[in-house]
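Chemist: This structure is in structure tokens; I'll ask about it shortly.
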């Protein structure tokens, strides 16, 4: 198994913060270079953690920057944080993405009737350990929810770290309710309400909020992997400004072994303090 590590540039909670991913000491793109499958035969997938559970900073893989570092999202030049919707604190799960997947905004999904959100596929890891930013976890797929976020299909794949003590008992979505009662309902609620404190309407779900099973989730992952394959080969209708630079896929047009030389060396700094207002709890009527 390859060993992944992170290269931190700047301090967390600042505009300069970037977390690059290295594989065996070589810089790679978490979007394009890390394989989707850690073990295809056993259906074990790689997941990149963007946001550890119970934290608020809205971190995400940058689609536009070379080698796609994890950065904090901004709005009007200000750092974005997810607010605390009672009784939750920050993100409800370890949150991240599947590499080598793309929710194609040029395509409508036949069942959700909405186009992709132009991101790698979102993943919620429900194990007991709080992850770290840029950690590459090996996970098994359990199911998927279809959020309709401002008119776009935004799949949320539910997974568990293969090393979690509960992993052997969780093999499909119904096992989650058996062993982690209330988790799926709380996850649905959190995604429904988490933007309300920012003055946005509650999010809607396809399938009446139902979490689809493992088989359905694997079909969604397959579709998004195919869409990424077209994207990286330069065959997509519109690549939407995504930086496709990679350091391992030598047969693709955007392969560049030299790209790593343009990336700053590690300069980790202690995290900057977060404004105390981010600690506030928001009470939302209709939430349970």
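Cβ coordinates are placed from backbone N, Cα and C, and glycine is handled just like the others.
As the structure is a computational prediction, the values presented were derived from the model and not from experiment.
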Chemist: Need the matching range: Swiss-Prot marks region 'Disordered' on one of 232-251, 252-271, and I'd like to know which.
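Modeler: From Swiss-Prot, the annotated region 'Disordered' range turns out to be 252-271.
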Chemist: For the Mg(2+) 1 site that Swiss-Prot assigns to 117, 122, which of 104, 154 is also named?
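Modeler: Mg(2+) 1 site check in Swiss-Prot: besides 117, 122, the record includes 154 out of 104, 154.
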Chemist: State the non-local partners of the compositional bias 'Low complexity' (258-271) in its own chain: residues 6+ outside its ends, Cβ under 8 Å from one of its Cβ atoms.
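Modeler: Apart from its flanks, the compositional bias 'Low complexity' (258-271) reaches 7-13, 18, 20, 26-27, 66-67, 245-247.
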Chemist: Provide the number of Cβ atoms within 10 Å of the Cβ of residue 154 (Mg(2+) 1 binding site), excluding the reference atom itself.
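Modeler: There are 23 of them.
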Chemist: Whole-number answer please: how many Å between the C-alpha atoms of residue 80 (diphosphate binding site) and residue 122 (Mg(2+) 1 binding site)?
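Modeler: About 18 Å separate the Cα atoms of these two residues.
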Chemist: Near residue 122 (Mg(2+) 1 binding site), which residues of its own chain have a C-beta under 8 A away, given they sit six or more steps off in sequence?
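Modeler: Correct list: 95, 96, 97, 154, 155, 156, 157.
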Chemist: Within 8 Å of the centroid of the Cβ atoms of 117, 122, 154, which other residues of that chain place their own Cβ, given that this set defines the recorded Mg(2+) 1 site?
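Modeler: Other same-chain residues near the Mg(2+) 1 site: 103, 116, 119, 121, 147, 149, 152, 153, 155, 156.
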Chemist: Taking DSSP three-state, what's residue 154 (Mg(2+) 1 binding site) in: helix, strand or coil?
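Modeler: DSSP assigns residue 154 (Mg(2+) 1 binding site) to strand.
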